Amino acid sequence: GTVPCGESCVFIPCITGIAGCSCKNKVCYLN
């Protein structure tokens, strides 16, 4: 929840989700 993964999740889920990233405020974050 604190480190940006450099990915947007406005239209599609976080591809970086496989690395532990999750969607928050339309941006993918790690932890």
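In case you wondered, yes, glycine gets a Cβ from its N, Cα and C as well.
The disulfide bond annotation in Swiss-Prot covers CYS5-CYS21 (among others) and rests on sequence analysis. Within the same chain, residues at least 6 positions away in sequence whose Cβ sits under 8 Å from that of CYS21 (disulfide bond) are CYS5, GLU7, CYS14, CYS28, TYR29, LEU30. DSSP gives CYS21 (disulfide bond) a strand state.
The C-beta environment of CYS9 (disulfide bond), restricted to residues of the same chain at least 6 apart in sequence and closer than 8 Å, consists of CYS23, LYS26, VAL27, CYS28. In this structure, CYS9 (disulfide bond) belongs to neither helix nor strand by DSSP; it is coil. Residues annotated as disulfide bond in Swiss-Prot: CYS9-CYS23 (among others).
Look at Swiss-Prot and you will find CYS14-CYS28 (among others) tagged as disulfide bond, backed by sequence analysis. Cβ neighbours within 10 Å of CYS28 (disulfide bond), excluding its own Cβ and spanning all shown chains: 21.
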